[in-house]
Amino acid sequence: MALKTAVLAAFLSVLNLCLPISAVIQESLLALPRVSYEFIIVGGGTAGCVLANRLSENPKWNVLVLEAGPSHENILNSQVPPYVFRLQNTSYDWNYTSTPQAALGGRPVALPRGHPLGGSSSINGMFYTRGSSSDYDRWATVTGDPGWSWRWTKPADNHDTMGQYDPRAHSKTGITSVSLPGFPDAIDTKVAEASEQLGGEFAWNTDTNNGDSLGIGWLQLTIGNGERSSSATSYLAPKYLNRKNLHVLVNSRVTKLVQTSPGNKPSGLESIRQVLPVQPKPACSFHAVRTVIARKEVILSAVALGTPQILMLSGIGDPTELRGLGIEPKINLPSVGKNLTDQPQVALTWALGINGHLRSVSDSSLLSPRRAADPTLPDKWLEEWKTNRTGPLTFNNVNSIAWTRLPDDSPIYERFSDPSSGRNTPQLEIGIVGTGYYPTPGRLILTSAVVATPHSQFDIYGVREAIRTSRRFFAGPTWEEYNITLQPPFDTDVDSELDAVIKATVFSASHPVGSASMSPKNAPWGVVDPDLKVKKTTGLRIVDASIMPFITCAHTQAPVYAIAERAADLIKESWK
(Lines of atoms letter the chains of each structure in order from A and count residues from 1; the text may use other names and numbers.)
(Lines give C-alpha, C1' and ligand atoms only; values in the text may rest on other atoms or scores of the structure.)
Protein backbone atom coordinates (compact mmCIF):
# COMPACT_ATOMS: atom_id res chain seq x y z
CA MET A 1 0.00 0.00 0.00
CA ALA A 2 1.50 3.33 -0.98
CA LEU A 3 0.79 6.46 0.99
CA LYS A 4 -0.40 9.27 -1.23
CA THR A 5 0.70 12.01 1.12
CA ALA A 6 3.31 12.61 3.77
CA VAL A 7 3.20 9.76 6.20
CA LEU A 8 3.37 10.69 9.71
CA ALA A 9 1.82 11.10 12.70
CA ALA A 10 2.71 10.10 15.89
CA PHE A 11 1.10 9.41 19.16
CA LEU A 12 3.01 11.21 21.82
CA SER A 13 2.66 12.09 25.46
CA VAL A 14 4.46 14.58 27.57
CA LEU A 15 5.24 14.78 31.27
CA ASN A 16 6.61 17.59 33.42
CA LEU A 17 4.87 20.27 31.42
CA CYS A 18 5.27 23.21 33.73
CA LEU A 19 8.23 25.30 32.63
CA PRO A 20 10.76 25.25 29.80
CA ILE A 21 14.18 23.90 30.76
CA SER A 22 15.79 26.80 28.96
CA ALA A 23 14.61 29.49 26.62
CA VAL A 24 14.89 27.14 23.67
CA ILE A 25 14.48 23.55 24.94
CA GLN A 26 10.85 23.05 25.88
CA GLU A 27 9.22 20.49 28.12
CA SER A 28 5.66 21.57 27.38
CA LEU A 29 3.87 20.45 24.26
CA LEU A 30 1.33 23.19 24.90
CA ALA A 31 4.10 25.79 24.85
CA LEU A 32 5.07 25.08 21.25
CA PRO A 33 4.56 28.28 19.26
CA ARG A 34 3.04 26.58 16.22
CA VAL A 35 1.17 23.46 15.15
CA SER A 36 2.80 22.96 11.76
CA TYR A 37 6.42 22.53 10.71
CA GLU A 38 8.21 21.80 7.48
CA PHE A 39 10.10 18.97 9.16
CA ILE A 40 9.37 16.95 12.27
CA ILE A 41 12.29 14.88 13.56
CA VAL A 42 11.24 11.97 15.76
CA GLY A 43 14.21 11.40 18.06
CA GLY A 44 16.81 13.92 19.20
CA GLY A 45 19.71 11.47 19.26
CA THR A 46 23.05 11.49 17.48
CA ALA A 47 21.53 11.81 14.01
CA GLY A 48 18.45 13.78 15.03
CA CYS A 49 20.44 16.70 16.41
CA VAL A 50 22.53 16.85 13.23
CA LEU A 51 19.38 17.06 11.12
CA ALA A 52 17.86 19.69 13.38
CA ASN A 53 20.91 21.88 12.89
CA ARG A 54 21.34 21.38 9.16
CA LEU A 55 17.70 21.70 8.16
CA SER A 56 17.13 24.80 10.30
CA GLU A 57 19.97 26.51 8.42
CA ASN A 58 17.22 27.47 5.98
CA PRO A 59 15.32 30.21 7.85
CA LYS A 60 12.21 29.47 5.79
CA TRP A 61 11.95 25.97 7.22
CA ASN A 62 10.49 25.48 10.67
CA VAL A 63 11.92 22.37 12.32
CA LEU A 64 10.61 20.47 15.35
CA VAL A 65 12.55 17.82 17.27
CA LEU A 66 10.56 15.44 19.47
CA GLU A 67 12.83 13.74 22.01
CA ALA A 68 11.49 11.09 24.39
CA GLY A 69 14.16 11.70 27.01
CA PRO A 70 15.13 14.69 29.14
CA SER A 71 17.46 17.53 28.30
CA HIS A 72 21.19 16.83 28.15
CA GLU A 73 21.93 19.96 30.14
CA ASN A 74 23.70 19.83 33.50
CA ILE A 75 24.32 16.06 33.57
CA LEU A 76 27.74 15.91 35.22
CA ASN A 77 28.18 12.19 34.59
CA SER A 78 27.74 12.86 30.89
CA GLN A 79 30.05 15.86 30.77
CA VAL A 80 33.02 14.29 32.61
CA PRO A 81 34.57 11.70 30.25
CA PRO A 82 35.52 8.92 32.73
CA TYR A 83 32.16 9.18 34.49
CA VAL A 84 30.53 7.53 31.46
CA PHE A 85 30.02 4.21 33.25
CA ARG A 86 27.83 5.90 35.85
CA LEU A 87 25.15 6.53 33.22
CA GLN A 88 24.03 2.99 32.44
CA ASN A 89 21.01 1.62 34.29
CA THR A 90 19.88 5.14 35.13
CA SER A 91 17.10 7.34 33.80
CA TYR A 92 19.57 8.47 31.12
CA ASP A 93 19.58 4.95 29.66
CA TRP A 94 16.64 3.35 27.85
CA ASN A 95 17.57 0.19 29.80
CA TYR A 96 16.69 -2.21 27.02
CA THR A 97 17.32 -5.90 27.72
CA SER A 98 17.25 -8.77 25.25
CA THR A 99 15.17 -11.87 25.71
CA PRO A 100 16.99 -14.84 27.31
CA GLN A 101 19.61 -16.08 24.87
CA ALA A 102 19.81 -19.81 24.20
CA ALA A 103 23.39 -19.47 22.92
CA LEU A 104 24.36 -17.84 26.22
CA GLY A 105 22.75 -20.42 28.45
CA GLY A 106 19.51 -18.50 28.80
CA ARG A 107 21.23 -15.30 29.90
CA PRO A 108 19.68 -12.00 28.71
CA VAL A 109 21.92 -9.19 27.50
CA ALA A 110 21.67 -5.52 28.48
CA LEU A 111 21.37 -3.17 25.50
CA PRO A 112 22.21 0.36 26.72
CA ARG A 113 20.85 3.24 24.63
CA GLY A 114 21.09 6.93 25.38
CA HIS A 115 17.93 8.54 26.71
CA PRO A 116 18.80 12.26 27.05
CA LEU A 117 18.86 14.74 24.20
CA GLY A 118 21.85 13.72 22.11
CA GLY A 119 20.92 10.07 22.47
CA SER A 120 23.81 7.67 22.81
CA SER A 121 26.30 10.40 21.96
CA SER A 122 25.43 11.72 25.43
CA ILE A 123 26.23 8.47 27.27
CA ASN A 124 28.62 6.46 25.07
CA GLY A 125 32.36 5.88 25.44
CA MET A 126 33.10 8.78 23.06
CA PHE A 127 35.03 6.57 20.61
CA TYR A 128 35.24 8.24 17.20
CA THR A 129 36.11 5.45 14.77
CA ARG A 130 34.96 5.70 11.16
CA GLY A 131 35.71 2.15 10.02
CA SER A 132 37.41 1.08 6.82
CA SER A 133 36.87 2.51 3.36
CA SER A 134 35.55 -0.90 2.30
CA ASP A 135 32.69 -0.62 4.80
CA TYR A 136 31.26 2.40 2.99
CA ASP A 137 32.10 1.09 -0.46
CA ARG A 138 30.06 -2.02 0.38
CA TRP A 139 27.12 0.23 1.26
CA ALA A 140 27.47 1.88 -2.15
CA THR A 141 27.58 -1.50 -3.86
CA VAL A 142 24.59 -3.03 -2.09
CA THR A 143 22.42 0.10 -2.55
CA GLY A 144 23.57 0.96 -6.06
CA ASP A 145 24.30 4.51 -4.89
CA PRO A 146 27.95 5.67 -5.17
CA GLY A 147 27.08 8.51 -2.83
CA TRP A 148 27.44 6.10 0.09
CA SER A 149 31.02 5.22 -0.83
CA TRP A 150 34.02 6.23 1.27
CA ARG A 151 34.99 8.86 -1.29
CA TRP A 152 31.74 10.75 -0.90
CA THR A 153 30.94 10.15 2.77
CA LYS A 154 32.46 13.19 4.37
CA PRO A 155 33.66 13.19 7.97
CA ALA A 156 31.63 15.37 10.30
CA ASP A 157 34.33 16.12 12.83
CA ASN A 158 36.28 19.16 13.88
CA HIS A 159 39.75 18.10 14.95
CA ASP A 160 42.07 19.74 17.39
CA THR A 161 44.65 17.01 17.75
CA MET A 162 48.06 18.70 17.81
CA GLY A 163 49.16 17.16 14.52
CA GLN A 164 49.14 13.56 15.75
CA TYR A 165 46.84 12.38 12.99
CA ASP A 166 46.55 12.43 9.21
CA PRO A 167 44.87 15.76 8.33
CA ARG A 168 43.85 14.41 4.93
CA ALA A 169 41.35 12.12 6.65
CA HIS A 170 39.48 14.82 8.53
CA SER A 171 37.25 17.82 8.15
CA LYS A 172 38.31 21.32 9.10
CA THR A 173 34.79 22.69 9.16
CA GLY A 174 32.90 20.14 11.25
CA ILE A 175 30.96 20.89 14.39
CA THR A 176 31.64 17.93 16.66
CA SER A 177 34.89 18.23 18.61
CA VAL A 178 37.13 15.21 18.09
CA SER A 179 40.53 15.00 19.72
CA LEU A 180 43.35 12.71 20.69
CA PRO A 181 43.60 11.68 24.36
CA GLY A 182 44.27 14.79 26.40
CA PHE A 183 45.86 13.22 29.47
CA PRO A 184 48.97 11.02 29.24
CA ASP A 185 48.79 7.43 30.44
CA ALA A 186 51.84 5.63 31.77
CA ILE A 187 51.21 2.77 29.36
CA ASP A 188 51.22 4.91 26.19
CA THR A 189 54.96 4.81 25.53
CA LYS A 190 55.01 1.06 26.19
CA VAL A 191 52.23 0.46 23.68
CA ALA A 192 54.12 2.43 21.02
CA GLU A 193 57.33 0.59 21.90
CA ALA A 194 55.62 -2.80 21.63
CA SER A 195 54.14 -1.80 18.28
CA GLU A 196 57.59 -0.95 16.94
CA GLN A 197 59.05 -4.22 18.25
CA LEU A 198 56.31 -6.53 17.03
CA GLY A 199 55.21 -4.90 13.77
CA GLY A 200 52.99 -7.00 11.54
CA GLU A 201 49.46 -7.09 12.90
CA PHE A 202 50.56 -4.61 15.59
CA ALA A 203 52.25 -2.10 13.26
CA TRP A 204 51.70 1.56 14.14
CA ASN A 205 48.97 3.38 12.21
CA THR A 206 49.30 7.16 12.30
CA ASP A 207 45.56 7.62 11.86
CA THR A 208 43.18 4.68 12.11
CA ASN A 209 40.41 6.91 10.70
CA ASN A 210 42.08 7.29 7.29
CA GLY A 211 40.11 4.46 5.69
CA ASP A 212 42.71 1.78 6.44
CA SER A 213 42.28 1.19 10.15
CA LEU A 214 44.40 -1.93 10.65
CA GLY A 215 47.17 -1.68 13.24
CA ILE A 216 47.64 0.22 16.49
CA GLY A 217 47.10 3.94 16.87
CA TRP A 218 45.87 6.73 19.08
CA LEU A 219 42.18 6.58 19.84
CA GLN A 220 40.20 9.60 18.67
CA LEU A 221 37.43 10.75 20.98
CA THR A 222 34.47 13.10 20.90
CA ILE A 223 35.98 15.24 23.61
CA GLY A 224 36.64 18.96 23.40
CA ASN A 225 38.06 21.25 26.07
CA GLY A 226 38.24 18.30 28.45
CA GLU A 227 34.55 17.38 28.27
CA ARG A 228 32.21 15.28 26.16
CA SER A 229 31.20 16.67 22.80
CA SER A 230 27.82 15.13 21.98
CA SER A 231 25.50 15.86 19.10
CA ALA A 232 23.42 17.88 21.55
CA THR A 233 26.30 20.01 22.88
CA SER A 234 27.69 20.58 19.37
CA TYR A 235 24.87 20.61 16.84
CA LEU A 236 22.41 22.11 19.34
CA ALA A 237 24.82 24.57 20.90
CA PRO A 238 23.16 27.83 22.04
CA LYS A 239 24.03 29.70 18.84
CA TYR A 240 22.00 27.12 16.90
CA LEU A 241 19.21 26.67 19.41
CA ASN A 242 18.59 30.40 19.26
CA ARG A 243 17.33 30.08 15.71
CA LYS A 244 13.71 31.17 15.71
CA ASN A 245 12.74 28.38 13.32
CA LEU A 246 14.14 25.54 15.47
CA HIS A 247 12.09 24.03 18.28
CA VAL A 248 13.16 21.17 20.55
CA LEU A 249 10.65 19.39 22.77
CA VAL A 250 11.95 16.89 25.33
CA ASN A 251 10.07 14.30 27.40
CA SER A 252 7.76 13.63 24.45
CA ARG A 253 7.53 10.10 23.13
CA VAL A 254 6.26 9.23 19.66
CA THR A 255 4.83 5.73 19.45
CA LYS A 256 2.95 5.57 16.19
CA LEU A 257 2.81 7.01 12.68
CA VAL A 258 -0.51 7.20 10.85
CA GLN A 259 -1.53 7.63 7.24
CA THR A 260 -2.84 11.02 6.26
CA SER A 261 -6.20 11.15 4.57
CA PRO A 262 -5.94 10.81 0.79
CA GLY A 263 -5.70 14.15 -0.95
CA ASN A 264 -4.63 15.94 2.22
CA LYS A 265 -1.09 17.08 1.45
CA PRO A 266 0.17 17.85 4.95
CA SER A 267 0.57 14.97 7.32
CA GLY A 268 -0.73 15.20 10.84
CA LEU A 269 1.01 14.18 14.02
CA GLU A 270 -1.68 12.59 16.14
CA SER A 271 -1.02 12.37 19.85
CA ILE A 272 -2.18 9.99 22.55
CA ARG A 273 -1.14 9.53 26.15
CA GLN A 274 2.01 7.43 26.44
CA VAL A 275 4.15 7.72 29.53
CA LEU A 276 7.73 6.41 29.72
CA PRO A 277 8.34 4.46 32.93
CA VAL A 278 11.72 6.15 33.32
CA GLN A 279 10.16 9.60 33.52
CA PRO A 280 9.26 10.45 37.12
CA LYS A 281 6.26 12.67 37.57
CA PRO A 282 7.00 16.06 39.07
CA ALA A 283 4.31 17.43 41.31
CA CYS A 284 2.98 19.70 38.58
CA SER A 285 3.03 17.21 35.70
CA PHE A 286 0.04 16.34 33.58
CA HIS A 287 -0.66 14.74 30.24
CA ALA A 288 -1.18 16.78 27.11
CA VAL A 289 -2.15 15.84 23.58
CA ARG A 290 -1.88 18.02 20.54
CA THR A 291 -1.75 17.51 16.81
CA VAL A 292 1.21 18.96 14.96
CA ILE A 293 1.71 18.91 11.21
CA ALA A 294 4.70 18.14 8.98
CA ARG A 295 4.28 20.07 5.75
CA LYS A 296 7.23 18.40 4.04
CA GLU A 297 8.60 15.35 5.87
CA VAL A 298 8.66 13.35 9.03
CA ILE A 299 12.12 11.96 9.76
CA LEU A 300 12.37 8.93 12.01
CA SER A 301 15.59 9.04 14.02
CA ALA A 302 14.68 6.80 16.94
CA VAL A 303 17.72 4.49 16.54
CA ALA A 304 17.88 0.84 15.56
CA LEU A 305 15.73 -0.34 18.46
CA GLY A 306 13.14 2.45 18.48
CA THR A 307 12.65 3.13 14.77
CA PRO A 308 11.36 -0.34 13.78
CA GLN A 309 9.18 -0.39 16.87
CA ILE A 310 7.46 2.83 15.80
CA LEU A 311 7.07 1.53 12.25
CA MET A 312 5.52 -1.75 13.37
CA LEU A 313 3.19 -0.07 15.85
CA SER A 314 2.08 2.05 12.90
CA GLY A 315 1.20 -1.01 10.83
CA ILE A 316 4.36 -0.87 8.71
CA GLY A 317 6.11 -4.22 8.56
CA ASP A 318 5.44 -7.91 7.96
CA PRO A 319 1.63 -8.28 7.74
CA THR A 320 1.64 -11.77 9.24
CA GLU A 321 3.70 -10.71 12.23
CA LEU A 322 1.63 -7.56 12.73
CA ARG A 323 -1.67 -9.43 12.70
CA GLY A 324 -0.24 -11.83 15.25
CA LEU A 325 0.26 -8.84 17.53
CA GLY A 326 -3.21 -7.46 16.89
CA ILE A 327 -1.92 -4.61 14.70
CA GLU A 328 -3.71 -3.82 11.46
CA PRO A 329 -1.16 -3.93 8.60
CA LYS A 330 -1.01 -0.70 6.60
CA ILE A 331 2.17 -1.07 4.53
CA ASN A 332 3.77 -4.38 3.59
CA LEU A 333 7.49 -4.07 4.41
CA PRO A 334 8.63 -7.46 5.77
CA SER A 335 12.21 -6.25 6.31
CA VAL A 336 11.22 -3.92 9.15
CA GLY A 337 12.98 -5.09 12.30
CA LYS A 338 15.06 -7.70 10.49
CA ASN A 339 18.86 -7.68 10.11
CA LEU A 340 19.35 -6.07 13.54
CA THR A 341 23.09 -6.41 14.08
CA ASP A 342 25.32 -5.70 17.07
CA GLN A 343 28.90 -6.40 18.16
CA PRO A 344 29.79 -8.64 21.12
CA GLN A 345 32.58 -7.77 23.51
CA VAL A 346 34.33 -9.15 26.56
CA ALA A 347 36.51 -7.42 29.15
CA LEU A 348 39.95 -8.81 29.95
CA THR A 349 41.91 -7.87 33.05
CA TRP A 350 45.71 -7.91 32.98
CA ALA A 351 47.93 -7.38 36.00
CA LEU A 352 51.50 -6.21 36.48
CA GLY A 353 53.74 -7.59 39.17
CA ILE A 354 56.08 -4.72 40.07
CA ASN A 355 58.00 -4.48 43.34
CA GLY A 356 55.60 -6.95 44.89
CA HIS A 357 52.55 -4.89 43.95
CA LEU A 358 49.81 -6.16 41.66
CA ARG A 359 48.52 -3.32 39.53
CA SER A 360 46.43 -3.00 36.42
CA VAL A 361 47.92 -1.27 33.40
CA SER A 362 45.59 1.72 33.12
CA ASP A 363 46.88 4.99 34.45
CA SER A 364 43.80 5.54 36.56
CA SER A 365 44.54 2.24 38.31
CA LEU A 366 48.24 3.02 38.63
CA LEU A 367 47.10 5.97 40.68
CA SER A 368 45.13 3.70 42.99
CA PRO A 369 47.91 3.49 45.62
CA ARG A 370 47.79 7.27 45.76
CA ARG A 371 44.04 7.12 46.05
CA ALA A 372 44.34 4.71 48.97
CA ALA A 373 46.79 7.06 50.67
CA ASP A 374 44.72 10.14 49.86
CA PRO A 375 40.99 9.39 49.54
CA THR A 376 40.37 13.06 48.71
CA LEU A 377 42.11 12.73 45.33
CA PRO A 378 38.91 12.08 43.32
CA ASP A 379 37.39 15.25 44.75
CA LYS A 380 40.55 17.18 43.91
CA TRP A 381 40.52 15.84 40.36
CA LEU A 382 36.89 16.88 39.96
CA GLU A 383 37.64 20.35 41.28
CA GLU A 384 40.50 20.66 38.79
CA TRP A 385 38.21 19.55 36.00
CA LYS A 386 35.49 22.01 36.99
CA THR A 387 37.99 24.86 37.27
CA ASN A 388 40.30 24.28 34.31
CA ARG A 389 38.97 21.27 32.35
CA THR A 390 42.36 19.61 32.90
CA GLY A 391 43.69 16.57 34.75
CA PRO A 392 42.82 12.86 34.92
CA LEU A 393 39.10 13.47 34.34
CA THR A 394 39.62 14.76 30.79
CA PHE A 395 39.91 11.35 29.12
CA ASN A 396 37.96 8.10 29.14
CA ASN A 397 40.80 5.79 30.26
CA VAL A 398 41.50 4.48 26.73
CA ASN A 399 44.33 6.16 24.81
CA SER A 400 45.32 3.50 22.27
CA ILE A 401 43.39 1.08 20.11
CA ALA A 402 44.32 -1.94 18.00
CA TRP A 403 42.43 -3.20 14.96
CA THR A 404 43.42 -6.61 13.59
CA ARG A 405 42.15 -9.51 11.47
CA LEU A 406 42.06 -13.26 11.73
CA PRO A 407 44.82 -15.02 9.76
CA ASP A 408 43.79 -15.89 6.21
CA ASP A 409 44.26 -19.59 6.96
CA SER A 410 42.00 -19.59 10.02
CA PRO A 411 40.00 -22.86 10.16
CA ILE A 412 36.78 -20.90 10.75
CA TYR A 413 36.81 -19.99 7.04
CA GLU A 414 36.22 -23.64 6.21
CA ARG A 415 32.71 -23.18 7.61
CA PHE A 416 32.00 -19.46 7.24
CA SER A 417 32.85 -16.80 4.72
CA ASP A 418 34.57 -13.62 5.87
CA PRO A 419 31.80 -11.33 7.17
CA SER A 420 33.94 -8.18 6.88
CA SER A 421 33.83 -5.87 3.87
CA GLY A 422 37.39 -6.40 2.64
CA ARG A 423 41.03 -7.15 3.32
CA ASN A 424 41.69 -3.69 4.82
CA THR A 425 38.79 -4.14 7.23
CA PRO A 426 39.37 -5.21 10.85
CA GLN A 427 37.59 -8.12 12.47
CA LEU A 428 39.02 -7.72 15.97
CA GLU A 429 39.40 -4.71 18.23
CA ILE A 430 41.49 -4.36 21.36
CA GLY A 431 41.26 -1.25 23.51
CA ILE A 432 44.61 -0.68 25.22
CA VAL A 433 43.73 0.09 28.81
CA GLY A 434 43.49 -1.79 32.09
CA THR A 435 40.86 -3.88 30.39
CA GLY A 436 41.05 -4.66 26.71
CA TYR A 437 37.82 -5.61 25.02
CA TYR A 438 36.65 -6.87 21.70
CA PRO A 439 33.51 -6.07 19.81
CA THR A 440 33.69 -8.26 16.74
CA PRO A 441 32.71 -6.36 13.65
CA GLY A 442 31.38 -9.58 12.28
CA ARG A 443 27.74 -10.45 12.03
CA LEU A 444 25.85 -10.96 15.24
CA ILE A 445 22.30 -10.94 13.99
CA LEU A 446 19.50 -10.09 16.39
CA THR A 447 15.95 -10.77 15.36
CA SER A 448 13.34 -9.63 17.83
CA ALA A 449 16.17 -9.05 20.28
CA VAL A 450 17.40 -12.64 19.96
CA VAL A 451 21.17 -12.85 19.80
CA ALA A 452 21.45 -16.60 19.12
CA THR A 453 21.87 -17.21 15.39
CA PRO A 454 24.04 -19.49 13.24
CA HIS A 455 26.60 -16.69 13.09
CA SER A 456 27.20 -16.89 16.84
CA GLN A 457 29.76 -19.63 16.17
CA PHE A 458 31.86 -17.23 14.11
CA ASP A 459 31.56 -14.58 16.81
CA ILE A 460 32.64 -16.92 19.60
CA TYR A 461 35.60 -18.02 17.50
CA GLY A 462 36.46 -14.37 16.83
CA VAL A 463 36.31 -13.41 20.50
CA ARG A 464 38.47 -16.40 21.39
CA GLU A 465 41.07 -15.38 18.80
CA ALA A 466 40.95 -11.76 19.96
CA ILE A 467 41.89 -12.95 23.44
CA ARG A 468 44.83 -14.82 21.94
CA THR A 469 45.77 -11.77 19.89
CA SER A 470 45.98 -9.70 23.05
CA ARG A 471 48.14 -12.43 24.59
CA ARG A 472 50.56 -12.15 21.66
CA PHE A 473 50.75 -8.41 22.12
CA PHE A 474 51.52 -8.58 25.83
CA ALA A 475 54.06 -11.35 25.25
CA GLY A 476 56.31 -8.86 23.43
CA PRO A 477 59.77 -7.93 24.76
CA THR A 478 58.67 -4.56 26.10
CA TRP A 479 56.48 -6.24 28.72
CA GLU A 480 58.98 -8.79 30.05
CA GLU A 481 60.07 -6.75 33.06
CA TYR A 482 56.47 -6.30 34.20
CA ASN A 483 55.56 -9.96 34.69
CA ILE A 484 52.21 -9.24 33.08
CA THR A 485 49.53 -11.91 33.49
CA LEU A 486 46.00 -12.39 32.23
CA GLN A 487 43.61 -12.67 35.14
CA PRO A 488 40.75 -15.13 35.67
CA PRO A 489 38.43 -16.20 34.21
CA PHE A 490 40.25 -15.82 30.87
CA ASP A 491 43.55 -17.32 32.10
CA THR A 492 43.10 -20.51 30.09
CA ASP A 493 44.00 -21.43 26.53
CA VAL A 494 41.68 -24.40 26.18
CA ASP A 495 39.08 -23.73 23.47
CA SER A 496 36.14 -25.24 25.33
CA GLU A 497 36.99 -23.42 28.56
CA LEU A 498 37.40 -20.09 26.78
CA ASP A 499 34.11 -20.59 24.95
CA ALA A 500 32.32 -21.26 28.23
CA VAL A 501 33.76 -18.09 29.77
CA ILE A 502 32.87 -16.05 26.69
CA LYS A 503 29.26 -17.26 26.78
CA ALA A 504 29.05 -16.42 30.48
CA THR A 505 30.53 -12.93 30.22
CA VAL A 506 30.05 -11.53 26.70
CA PHE A 507 28.01 -8.35 26.49
CA SER A 508 26.76 -5.92 23.89
CA ALA A 509 29.04 -3.22 22.53
CA SER A 510 25.90 -1.07 22.31
CA HIS A 511 26.14 -0.68 18.55
CA PRO A 512 22.80 -1.94 17.18
CA VAL A 513 22.26 -1.23 13.48
CA GLY A 514 20.48 -2.51 10.40
CA SER A 515 16.86 -2.95 11.50
CA ALA A 516 15.51 -0.65 8.75
CA SER A 517 18.26 -1.13 6.22
CA MET A 518 18.89 0.50 2.85
CA SER A 519 18.44 -1.39 -0.40
CA PRO A 520 18.30 -0.38 -4.07
CA LYS A 521 15.30 1.61 -5.19
CA ASN A 522 12.42 -0.72 -6.11
CA ALA A 523 14.14 -3.68 -4.43
CA PRO A 524 11.66 -6.11 -2.82
CA TRP A 525 13.76 -6.20 0.35
CA GLY A 526 14.97 -3.49 2.69
CA VAL A 527 13.07 -0.65 4.33
CA VAL A 528 14.49 2.55 2.82
CA ASP A 529 15.79 3.51 -0.60
CA PRO A 530 19.30 4.96 -0.92
CA ASP A 531 17.84 8.45 -0.40
CA LEU A 532 16.53 7.13 2.95
CA LYS A 533 12.87 7.49 1.98
CA VAL A 534 10.77 4.67 3.40
CA LYS A 535 9.62 2.39 0.61
CA LYS A 536 5.96 2.62 -0.46
CA THR A 537 5.56 5.97 1.28
CA THR A 538 5.99 9.64 0.67
CA GLY A 539 6.97 12.18 3.26
CA LEU A 540 8.73 9.70 5.54
CA ARG A 541 12.47 9.10 5.88
CA ILE A 542 14.67 7.27 8.34
CA VAL A 543 18.00 8.70 9.42
CA ASP A 544 19.83 6.72 12.08
CA ALA A 545 21.94 3.57 12.49
CA SER A 546 19.01 1.35 11.52
CA ILE A 547 19.54 2.13 7.82
CA MET A 548 23.00 0.51 7.66
CA PRO A 549 22.79 -2.59 5.45
CA PHE A 550 25.99 -3.87 7.10
CA ILE A 551 27.56 -2.83 10.38
CA THR A 552 30.82 -0.94 10.10
CA CYS A 553 33.97 -2.46 11.56
CA ALA A 554 34.08 0.33 14.09
CA HIS A 555 32.16 1.93 16.89
CA THR A 556 29.08 3.33 15.21
CA GLN A 557 29.03 6.94 16.43
CA ALA A 558 31.18 8.37 13.62
CA PRO A 559 29.31 6.49 10.86
CA VAL A 560 25.99 7.80 12.22
CA TYR A 561 27.30 11.37 12.09
CA ALA A 562 28.30 10.77 8.46
CA ILE A 563 24.88 9.27 7.66
CA ALA A 564 23.10 12.26 9.17
CA GLU A 565 25.27 14.77 7.32
CA ARG A 566 24.61 13.09 3.98
CA ALA A 567 20.91 12.76 4.79
CA ALA A 568 20.69 16.49 5.43
CA ASP A 569 22.22 17.14 2.02
CA LEU A 570 19.79 14.73 0.35
CA ILE A 571 16.79 16.33 2.04
CA LYS A 572 17.88 19.86 1.16
CA GLU A 573 18.45 18.86 -2.46
CA SER A 574 15.03 17.25 -2.76
CA TRP A 575 13.25 20.40 -1.55
CA LYS A 576 15.11 23.01 -3.60
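Note: Cβ is positioned from N, Cα and C throughout, glycine not excepted.
Pulled from TrEMBL, these are the features on record:
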type     : residues : note
SIGNAL   : 1-23     : signal peptide
DOMAIN   : 37-344   : domain 'Glucose-methanol-choline oxidoreductase N-terminal'
BINDING  : VAL254   : FAD binding site
DOMAIN   : 456-564  : domain 'Glucose-methanol-choline oxidoreductase C-terminal'
ACT_SITE : HIS511   : active site, proton donor
ACT_SITE : HIS555   : active site, proton acceptor
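A map of TrEMBL features onto the structure.
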| residue | record | Cβ within 10 Å |
| --- | --- | --- |
| VAL254 | FAD binding site | 27 |
| HIS511 | active site, proton donor | 26 |
| HIS555 | active site, proton acceptor | 25 |
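In the three-state DSSP classification, the residue listed as 'active site, proton donor' falls within coil. Mean predicted confidence for the domain 'Glucose-methanol-choline oxidoreductase C-terminal' (456-564): the pLDDT average there is 92.
Geometry remark: the residue listed as 'active site, proton donor' versus HIS555 (active site, proton acceptor), CA distance 7 Å.
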